[in-house]
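**Student:** I'd like to ask you about the structure that follows.
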Amino acid sequence: MNDVKLTVLGGEGTGKSALIVRFLTKRFIGEYASNFESIYNKHLCLEGKQLNLEIYDPCSQPQKAKFSLTSELHWADGFVIVYDISDRSSFAFAKALIYRIREPQTSHCKRPVESAVLLVGNKQDLCHVREVGWEEGHKLALDNRCQFCELSAAEQSLEVEMMFIRIIRDILTNFKLKEKRRYSGSKSMAKLINNVFGKRRKSV
């Protein structure tokens, strides 16, 4: 059974916890600010594989708070970044989160494969008071090699489920790519060792 670790991030009041609960239970819980971090578990079958999905929901943070994401970057295989389409400040916070996730690829937290990231514009049911355009979200995702979608945790149970399946598929694709690179690296090392020691054997 494959373990898939997913972290859901976003500013306070964006509905990230509501998205998780909607996916796990099909119910909409409304919005609340949690002072506790939670890890949810779900077993599912996807692409013929049995998966143990762990979803990490950190405690709500004010959007102006400083954040490092160091532990999340080391733990998670992928990220869902949530903003509220009716709150421009939440979009700015989502942008900062994406920049932070992408930045480590060239520093201390370098990975063989870039983390899967899905940017989600939540509360599509509030489009009459929209402050962030669809095009803005799409461009931010495109510029930072992320997937993108808009939806409503309050009204769209199926869309929420498909959103999570989408990021999980991206993570599984990354697993295959890592394994392929690991196998290719092992073959290259074996060939190098054979070349070095093979030549020595011939010269003896």
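Just so you know, glycine gets a Cβ as well, placed from its N, Cα and C.
So Swiss-Prot lists these for the protein:
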REGION    1-204  region 'Small GTPase-like'
BINDING   10-17, 57-63, 122-125  GTP binding site
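I'm curious about the neighbourhood of these features; can you describe it?
**Tutor:** Applying an 8 A CB threshold to same-chain residues 6+ apart, the list for ASN122 (GTP binding site) reads GLY10, THR14, GLY15, LYS16, ALA18, LEU19, VAL82, TYR83, ASP84, ILE85, GLU150, LEU151, SER152, ALA153. Classification of ASN122 (GTP binding site) by DSSP places it within a strand.
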**Student:** Return the residue, from the listed binding-site residues GLY10, GLY13, with the maximum count of other C-beta atoms within 10 angstroms of its C-beta.
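**Tutor:** Result for the most crowded candidate: GLY10.
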**Student:** Who sits close to PRO58 (GTP binding site): which same-chain residues at least 6 apart have their Cβ under 8 Å from its Cβ?
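**Tutor:** In sequence order, THR7, LEU9, GLU37, GLU72 meet the Cβ cut-off.
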**Student:** Using a Cβ cut-off under 8 Å and a sequence separation of 6 or more, which residues in the same chain sit near ASP125 (GTP binding site)?
**Tutor:** SER152, ALA154, GLU155
**Student:** Over the span of the region 'Small GTPase-like' (1-204), how high is the average pLDDT in this prediction?
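**Tutor:** Summarising the region 'Small GTPase-like' (1-204) by its mean pLDDT gives 87.
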